[in-house]
There are 2 protein chains.
Amino acid sequence: MLQTINQILSKEKKLAIGLMSGTSLDGIDVAVLEISHSNSEMDIQLIAFETIPYTQQEKQDILQLCQPSTSTVDKICAWNVKLGHKFAKAATKVVTNAGMDISQIDFVGSHGQTIYHSPDEQATLQIGELAVIAEETGVLTVGDFRPSDMAVGGQGAPLVPFVDYLLFASEEKNRVLLNIGGISNISVLPKKAQPDEIIAFDTGPGNVLLDAIVRIVTEGEKRYDEGGSLASGGRVSQDWLTKMMREDSYLDQDIPKSTGREYYTTQKAQSLYEEGRTQGLSDPDIIATISAYTAHSIADQLYRFVEPVCQIDEIIVSGGGAHNGFILRELEKTTKIQVQIMEDLGFSSDAKEAVAFAVLGYQFLHGLPNTLPSATGARRQVSMGKLAFPLKKSSF
Amino acid sequence: MLQTINQILSKEKKLAIGLMSGTSLDGIDVAVLEISHSNSEMDIQLIAFETIPYTQQEKQDILQLCQPSTSTVDKICAWNVKLGHKFAKAATKVVTNAGMDISQIDFVGSHGQTIYHSPDEQATLQIGELAVIAEETGVLTVGDFRPSDMAVGGQGAPLVPFVDYLLFASEEKNRVLLNIGGISNISVLPKKAQPDEIIAFDTGPGNVLLDAIVRIVTEGEKRYDEGGSLASGGRVSQDWLTKMMREDSYLDQDIPKSTGREYYTTQKAQSLYEEGRTQGLSDPDIIATISAYTAHSIADQLYRFVEPVCQIDEIIVSGGGAHNGFILRELEKTTKIQVQIMEDLGFSSDAKEAVAFAVLGYQFLHGLPNTLPSATGARRQVSMGKLAFPLKKSSF
């Protein structure tokens with residue numbers, strides 16, 4: 001194992017795979033990248049990125065694992081292995097599609113699939129067995145990051161701000177990195193910031209409510225509002241928007257904080273949709289207002305928690321929401337801050353989270369910290385992760 | 001991390017803690033030991049051993065996690081962390097009791113608490129969060145062994161035969177190492193054996209049925225039959241014993257094989273007890289017959305699967321059953337083979353399994369294999385385990 005790690009670290013450029021599957025359960029994000037140097041000098045180059053989608057059946061089965069009422073130990077165990085195989089296959093496929101061979105890869109950093117996250121109990125569970133990924137790909141695998149931060153009192157989230165800090169902190173600008181996934185989260189990177197100056201937290205809903213309502217409205221035909229086109233055909237109900245914002249107690253919570261599907265549930269989306277209909281709103285109006293809810297809750301959180309300490313120069317958006325023009329326009333209109341997408345900086349929005357978990361794994365292999373206690377609320381920095389390695393040959 | 005591992009490996013003698021909690025849910029076994037050399041040259045010296053018992057409530061709560069009908073994802077996650085803390089505290093306590101400081105320990109090898117094991121699905125789950133153990137003790141921790149063997153088609157069990165082979169293989173004698181825990185398992189070590197000549201499998205019931213019936217008979221006053229004294233006051237019903245053996249389909253299964261609480265359930269113990277009563281047997285007779293069932297099922301499996309390939313010279317017994325004189329006598333009577341307990345060889349019966357997981361962790365840190373495919377049915381040897389390490393100081 002030591003030999004393997006030493007070999008990896010002695011290379012100037014390391015080939016890595018980052019694997020991520022978010023709460024939106026769209027599929028497995030696979031990033032293939034080249035990494036060199038570490039800490040703030042880190043340099044990355046994206047080689048390939050694909051999302052290997054889950055089938056509807058898989059999505060439903062995994063959702064069952066996330067609910068205490070339908071989750072059972074046998075199903076959790078079986079899916080841990082099943083997803084391990086699926087992650088390994090996804091990694092191999094994307095590497096092959098990129099004209100490379102899996103044996104060229106130095107290491108895998110895998111987030112896994114979160115099926116439970118409860119910071120109050122310091123409890124979290126990401127499945128997708130690391131031993132299966134390591135043995136099936138033949139590549140050293142680092143993953144299961146969140147429990148390490150929780151072990152020192154952190155919320156185990158958000159983790160990406162550390163990577164935002166390494167890759168995007170600027171000498172000249174106060175930047176906000178905004179990721180609109182199922183949930184929206186931000187990393188505030190004041191210019192010339194030290195690690196303990198980074199503010200990061202989940203701002204509230206991303207696409208989680210919106211996607212659920214799009215599925216209701218289109219009777220399952222569409223899974224999300226592509227480009228924000230459905231929202232653009234409607235009108236935002238200011239009254240209802242104000243009411244939703246007021247009733248969202250997460251927005252009032254102090255930072256650092258994190259949230260998830262446990263709060264922004266499918267049932268919540270369902271009852272919001274019904275509420276909209278009761279108020280006589282059309283489907284496009286409902287979708288527009290729910291989209292505005294995402295943008296305005298982000299603006300609200302910036303106003304409450306960020307502006308008092310740091311005047312923002314620009315917002316850089318990644319995640320599925322970066323493709324939703326309606327949300328981006330609402331955000332710019334409300335915040336009066338320049339909104340860019342990650343592509344404007346030469347990075348891939350879609351690949352960002354998968355890349356991040358390769359970066360966390362890379363720091364782990366160097367024995368370096370890979371957390372920001374200012375973001376997670378942990379008592380101290382740790383080097384999150386667990387390592388599984390495939391035995392190349394029996395030496396026995 | 002590399003530095004830490006290099007430091008550990010450069011020492012001639014390494015101080016380790018082995019942590020194990022078995023299916024009998026008695027408590028957490030903590031072994032503190034000194035290890036030197038690796039593979040067949042390995043040498044170990046036990047420094048301290050204690051079992052930190054679970055409370056009745058804890059035992060009940062953990063049992064709930066093991067049953068699909070009562071297990072839920074939130075409880076599993078919460079207990080994973082709770083047991084992590086309990087394992088860390090147990091380790092620290094035993095080290096302190098031995099007059100040492102936890103900072104002297106080089107590494108921890110932790111088996112965790114199995115709450116599910118289903119080889120057919122390649123699925124298994126041991127809880128007791130490694131990141132919590134590592135961060136709370138400040139000691140590098142290796143654990144979560146079983147999934148790695150399952151990832152290459154193994155049953156993820158039995159794991160101890162590998163350690164039996166390293167520590168007990170003899171130049172002169174064909175030995176059987178027998179562990180009577182909740183389940184009984186054997187490692188057959190022919191003299192001068194190569195790794196692929198080792199036969200190992202679960203033979204069937206250990207104390208799992210016996211303990212359950214002792215609790216029924218004593219109305220919970222006794223948790224096991226100390227020294228076999230209850231059994232010694234009764235008489236074995238040969239007819240009923242023969243019937244039980246005939247009806248036990250696990251005994252007919254081909255090797256390699258493993259079993260657990262999923263087959264030898266509390267319900268099975270309950271209905272066996274009722275069956276005994278219906279046949280007019282006294283409580284001591286029932287206990288004697290159930291104890292004989294343990295001994296005779298072991299003898300049966302030796303006769304069917306071991307004697308055809310290797311004539312056994314001696315049986316060396318460890319585990320809780322090593323203290324049950326009644327079972328040992330029945331075993332010797334039935335097999336006509338010399339039965340010794342581990343103490344006769346200068347080792348501790350009780351500490352054996354906890355020691356084993358320190359040994360597996362030790363091989364992992366050396367990047368060496370720590371499995372016997374001939375025992376687990378795996379396609380090849382792997383270096384099982386995952387590593388979590390505490391960050392000594394932030395270098396950021």
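Glycine is no exception: its Cβ is also placed from the backbone N, Cα and C atoms.
Just so you know, TrEMBL annotations never went through curation; they're auto-generated.
From a predicted model like this one, the values you see are computed outputs, not experimental measurements.
Pulled from TrEMBL, these are the features on record:
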type: BINDING; residues: B:G22, B:T23, B:S24, B:L25, B:D26, B:G27, B:I28, B:D29; note: ATP binding site
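Taking a C-beta cut-off of under 8 Å and a sequence gap of six or more, B:S24 (ATP binding site) has these contacts in its own chain: B:G181, B:G182, B:N207, B:V208, B:D211, B:G320.
Same-chain residues at least 6 positions away in sequence with a Cβ under 8 Å from that of B:G22 (ATP binding site) are, in sequence order, B:D29, B:G181, B:G182, B:E353.
DSSP assigns B:G22 (ATP binding site) to coil in the three-state reduction, placing it in neither a helix nor a strand. Sequence-distant contacts of B:T23 (ATP binding site), defined by Cβ-Cβ distance under 8 angstroms and a gap of at least six in the same chain, are B:T114, B:G181, B:G182, B:I183, B:V208, B:G260, B:R261. Least crowded of the binding-site residues (B:D26, B:D29), judged by neighbouring Cβ atoms within 10 Å of its own Cβ: B:D26. Annotation for the binding-site residues B:L25, B:I28: lowest Cβ count within 10 Å of the residue's own Cβ, B:L25. Residues B:M20, B:S21, B:T51, B:Y54, B:Q113 surround the recorded ATP site, their Cβ atoms falling within 8 Å of the Cβ centroid of B:G22, B:T23, B:S24, B:L25, B:D26, B:G27, B:I28, B:D29, which are themselves excluded. Taking Cβ-Cβ distances under 8 Å and a sequence gap of 6 or more within the same chain, the neighbours of B:G27 (ATP binding site) are B:S21, B:T51, B:I52, B:P53, B:Y54.
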